[in-house]
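First comes the structure, then the notes that go with it.
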């Protein structure tokens with residue numbers, strides 16, 4: 001159980017610049033994890049196992065990518081009670097991202113806008129941090145799953161994007177429980193073009209081929225080959241016809257799941273609010289319905305068995321239940337953690353555990 005109520009720390013953090021508060025929090029988590037200080041934010045480990053994409057998720061609540069871009073805080077996040085933690089997005093080479101300021105709170109809407117731009121320390125540093133974590137062996141706790149989210153460098157031309165994704169896939173493959181291919185951030189120029197028909201077909205074809213090659217190679221740790229599931233993260237700003245084409249392409253190339261959705265470029269729900277006109281991706285409550293719409297469309301297009309991770313606008317247990325009813329199998333949170341604190345994690349996990357399971 002967390003020793004420090006978030007209601008006491010949130011005013012201090014919200015009094016700071018949004019990115020400065022983020023960096024301070026990540027530094028604190030990185031320094032305190034695997035020490036007695038970790039109890040300050042530890043949460044109840046809710047057991048609600050679900051089988052998905054050949055994996056056993058300890059519960060149905062995950063940490064979305066983007067919070068821990070450099071995989072510095074894997075164990076700290078796991079201690080909050082997440083059943084799975086996704087870190088990244090990582091790119092082959094380190095890059096600074098977009099100029100600051102680039103993260104803005106919209107508290108009236110329980111929302112954030114960011115245009116960070118895949119700022120990260122690069123693949124080598126990312127893998128070093130992953131190897132330092134002990135997420136597979138947390139004493140007295142159920143092992144969480146670890147997702148590693150990959151992208152392309154901003155300076156890589158879009159026609160060469162596949163090269164970056166394959167470099168990252170090869171690097172993260174031995175360390176991931178699953179890999180996420182991020183083609184939907186609005187903050188890397190032209191990245192969302194990879195969601196178009198021909199571009200997506202080419203990218204996923206190359207990824208599928210490389211994955212099959214990697215899956216035949218014995219792993220150093222076990223001496224046995226392992227097929228790592230691959231998820232693809234898509235945007236909320238898609239027409240139903242685009243969602244249907246993406247769904248077909250995912251299935252054709254043997255992808256194991258889809259994450260719906262990333263942030264939105266729409267400002268319809270926040271017009272008139274301070275910072276609403278800042279460029280970047282909008283997350284939090286205003287993206288909830290768009291995310292749910294895409295999830296419903298995906299479930300219709302993909303059938304009942306294809307894994308869907310729902311993310312976008314979860315600030316309460318009720319929001320998470322709504323995601324599952326829309327068609328998601330499990331959920332992820334990010335902005336909700338910032339506005340509600342770590343207590344949200346077990347609250348959501350318990351609410352989802354209480355839902356009737358399909359027959």
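Every residue gets a Cβ built from N, Cα and C, even glycine.
Binding of FMN is annotated in Swiss-Prot for 65, 66, 67, 68, 69, 89, 149, 182, 233, 261, 284, 334, 335; the matching candidate from 43, 205, 313 at the same site is 313. Site extent for FMN: the farthest pair of Cα atoms among 65, 66, 67, 68, 69, 89, 149, 182, 233, 261, 284, 313, 334, 335 sits 20 Å apart. The Cβ of residue 149 (FMN binding site) has 65, 86, 87, 88, 89, 90, 179, 180, 182, 233 as same-chain neighbours under 8 Å, each 6 or more residues away in sequence. Sequence-distant contacts (6 or more apart, same chain, Cβ under 8 Å) of residue 284 (FMN binding site) comprise 106, 109, 110, 111, 112, 313, 315, 335, 336, 339.
For the recorded site, residue 334 (FMN binding site), the DSSP three-state label reads coil.
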